[in-house]
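Enquirer: One structure is given below, represented as structure tokens, and several questions about it will come after.
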Amino acid sequence: MADKQISLPAKLINGGIAGLIGVTCVFPIDLAKTRLQNQQNGQRMYTSMSDCLIKTIRSEGYFGMYRGAAVNLTLVTPEKAIKLAANDFFRYQLSKDGQQLTLFKEMLAGCGAGTCQVIVTTPMEMLKIQLQDAGRLAAQRKILSAQAQLSGQGSAQPSVEAPATPRPTATQLTRDLLRSRGIAGLYKGLGATLLRDVPFSIVYFPLFANLNELGRPASGEKSPFYVSFLAGCVAGSAAAVAVNPCDVVKTRLQSLQRGINEDTYSGFLDCARKILQNEGPSAFLKGAYCRALVIAPLFGIAQVVYFLGIAETLLGLPRVQP
């Protein structure tokens, strides 16, 4: 069994490389997802993903679509590395003499991976959401100011233009949260993140493993890279849509600023109840299409890098098929 021991540094490097490539490719869609999910029954700014991206480019420029990307690019390496390496570790610990895992054990390994990753995922998402949603809130304030000016033209008192709110930075947000709420401020929404990421991993990893196994050659060699990519895309999109209701609740809970006439929430159940009462069941699927488009290539790329064993090649280590 010693010759099958997992090389943790290689898994961490593979996860980091995959995360950096994936985030760079799909981050604008993730921004659209966050803004669509945060829209309530107040001032609705966007009607679809494409409408959101077009309006973002017009009002904030091309790089506005990458607002918050620096946080993701910084923390996605440990986040994806922990997720993939933890799943590999738990699968290794649960296996017996190289025998194929049962579905229950595959789900158990995925559960462990999802639980481990929230250490990094929660503060990363907390900061990213504030930066991504700042543009939507600024656009709302601009529209409200314009409407106030138009209504003020017929009144005796002149309207006052709303002052521009400075855009927050990740460093400023981190400092303010630590000062006002301590480390718990960065982990707001931890429970909701667990309720999203643990079921996601329970669905994703067993589904990927079985889909990838279908493409394995009869000779017993590892699956071709394109099979790993397609398996990652299918498993990722399926798991993403399945847990999208929890992602909507998590996004709402982690948003510190609210738009015009938007609800505030005291916890997961309160948020879910208000969404259901005020917006209907369909609100839990807001951003599901965007999330599937984000997760599919993100995990497809991750599994290609992971299963090709790029880090093992760089480090001169033998490639071990998990």
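Yeah, the Cβs are placed from backbone N, Cα and C, and that goes for glycine too.
From Swiss-Prot, for reference:
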type: REPEAT; residues: 6-93; note: repeat 'Solcar 1'
type: REPEAT; residues: 101-214; note: repeat 'Solcar 2'
type: REPEAT; residues: 223-312; note: repeat 'Solcar 3'
type: TRANSMEM; residues: 12-32; note: transmembrane segment
type: TRANSMEM; residues: 62-82; note: transmembrane segment
type: TRANSMEM; residues: 107-127; note: transmembrane segment
type: TRANSMEM; residues: 189-209; note: transmembrane segment
type: TRANSMEM; residues: 223-243; note: transmembrane segment
type: TRANSMEM; residues: 292-312; note: transmembrane segment
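Give me the structural setting of these features: burial, nearby parts and distances.
Expert: With helix defined as DSSP H, G or I and strand as E or B, the repeat 'Solcar 2' (101-214) counts 91 helix, 0 strand, 23 coil.
Taken together, the residues of the repeat 'Solcar 3' (223-312) have an average pLDDT of 89.
Through the fold, the transmembrane segment (12-32) approaches residues 46, 49, 52-53, 56, 65-69, 72-73, 76-85, 132, 287, 290, 293-294, 297-299, 301-306, 309-312, 314-315 of its own chain, all at least 6 residues removed from its boundaries and within a Cβ separation under 8 Å.
With a threshold of 8 Å between CB atoms, the same-chain residues lying at least 6 positions outside the transmembrane segment (107-127) that come near it are 68, 71-72, 75-76, 78-79, 82-84, 86-87, 89-91, 94, 101, 170, 173-174, 177, 186-190, 193-194, 197-206, 250, 254.
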